[in-house]
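S.K.: Structure incoming, see below.
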Amino acid sequence: MAQDGECGSNEASSVSAYDEAMDALSSLITQKSRADTSNSGHRFELLFDYVKILDLEESISKMKIIHVAGTKGKGSTCTFTEAILRNCGFRTGLFTSPHLIDVRERFRLDGVDISEEKFLAYFWWCWDRLKEKCNDDMDIPMPNLFRFLALLGFKIFAAEQVDVAIMEVGLGGKFDATNVVQNPIVCGISSLGYDHTEILGDTLALIAGEKAGIFKKGVPAFTVPQPDEAMEVLIEKASQLDVALEVANPLDVKLLNGLDLGLVGDHQYLNAGLAIKLCSTWLQRTGHLEFDSIDQTSSLPQQFIKGLTTATLQGRAQIMQDPSLDFENPGSIVFYLDGAHSPESMEACGNWFSLAIKEPNLLKNNNAETVPINPSENSAQILLFNCMSVRDPQLLLPRLLKTCVGHGINFNKALFVPNMSLYTKVGSTTSSFPQTESLVDVSWQLTLQRVWENIVSSERGNSSVTDNAEYSEISVVKSCENSVVFASLPLAIKWLRDTAKHNKSVRLKVLVTGSLHLVGDVIKLLKK
């Protein structure tokens, strides 16, 4: 463990040391779901005790923070914001969640994941001090996982002396761990919708009220066009705190001078417009007058354009080919990865996937590998899906299927698998996946399969989709006409690879969606 002293020193960095830190982090997981009681405000005041223990009060108060909440698009908005300000010459810190493969993804310095050496030094610095002062039998227990990670983020950004810290809310806003911030420079709220209703409430008004909890007295805030029910609450909460709330317009594509946004999808112009307002306000309020005359209606500074067009976000509208197969031959696999998990994001995902299939040359983005695809080639579209059991597949799957069918894209098969990453273990790039496939409960995946079969039968009616591929019959839990349930993701990947090898004339195009955890697991498997 780290000793008292300067963080970022020559702390030994090794797989075993990193795994030790991951084991320590895993001990902070309070239950097998992201939405635990702390998101409902359970002992929220403890966060201020933790800040005192870590001696972060002054550092956080002086930090020039951009705080962003929302249901959809808050991660993209933060990514655009960081890229813009980095290209303006500032040292940036970006805190986001969740991570896909390695927990260090949550802490980015100047657009790059924090190094393992620095992570370990700052981790143990925080861990040792909290362990010394906290005791589950006393009034101050150890913080749960997300609270610890947020505190660690503040420590990292303070010690690294970032010019700007962009903090993405984990869940909600009012009682989120990032909301220990008392005087941000500017706040943003991205698109609102129904998600985590078991914690935030089951109406848009209740959800908007939780998100507006990040508003601070007199601090300017921006949002995007919202449903009336949500907007009314945001306006009311803003007026109570003397907050100047403005609605950011979507970015006009003409302002990019013929270039494309780094993140793909029409909805990203909404997030980009919000990011521009956040950045211009931050620049103005921090005294950088050279950017004082930004006019979003006629032109943008070159630094803004470069940031918007070079931004990347792993696991969102990302295209990867299977490295285990020869891509020069049609009998190969292309993975289309998008962590969509709400009805609205499912529609956006369906639009992106359909465009990527039908007109790949029109799809230019920083998350796509160089994958030369002929839209007229013989291909089979496969859906690889999972979602959390708190989400309603009756809302997610029909939205995805109808969007794709509307573009003339049909799925030949849907594969349902449990996630490999565990809620009880914080993984890393080096950690292995659980091997006990026979012990995995797939009752939820069987439910997803039933929903899919009913939707497909209803959508297609008496029509049928031509399917020339021969599918491998390796071990499956249950196979139906349009779908298969596997006991594990590796079995599903093996099935896909065997199918590709048996169909040399067919390229498999696999959409992976429904869960960022699933997307992360697939990326990790492909990179092994």
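Glycine too: its Cβ is placed from the backbone N, Cα and C atoms.
TrEMBL feature annotations, pasted as is:
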type    : residues              : note
BINDING : Ser97, Glu168, His196 : Mg(2+) binding site
BINDING : Arg316, Asp338        : ATP binding site
S.K.: Rounded to a whole angstrom, what is the C-alpha distance between Ser97 (Mg(2+) binding site) and Arg316 (ATP binding site)?
M.R.: 13
S.K.: When you measure from the Cβ of Glu168 (Mg(2+) binding site), how many other Cβ atoms are you left with inside 10 Å?
M.R.: 27
S.K.: Whole-number answer please: how many Å between the C-alpha atoms of Glu168 (Mg(2+) binding site) and Asp338 (ATP binding site)?
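M.R.: Approximately 19 Å lies between the Cα of Glu168 (Mg(2+) binding site) and that of Asp338 (ATP binding site).
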S.K.: Indicate the candidate from Ser97, Arg316 with the smallest number of other Cβ atoms within 10 Å of its Cβ, considering only these binding-site residues.
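M.R.: Result for the binding-site residues Ser97, Arg316: minimum number of other Cβ atoms within 10 Å at Ser97.
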S.K.: Within its own chain, what residues at least 6 apart in sequence put their Cβ under 8 Å from the Cβ of Asp338 (ATP binding site), listed in sequence order?
M.R.: Gly315, Arg316, Ala317, Gln318, Cys349, Trp352, Phe353, Leu511, Val512, Thr513, Val519
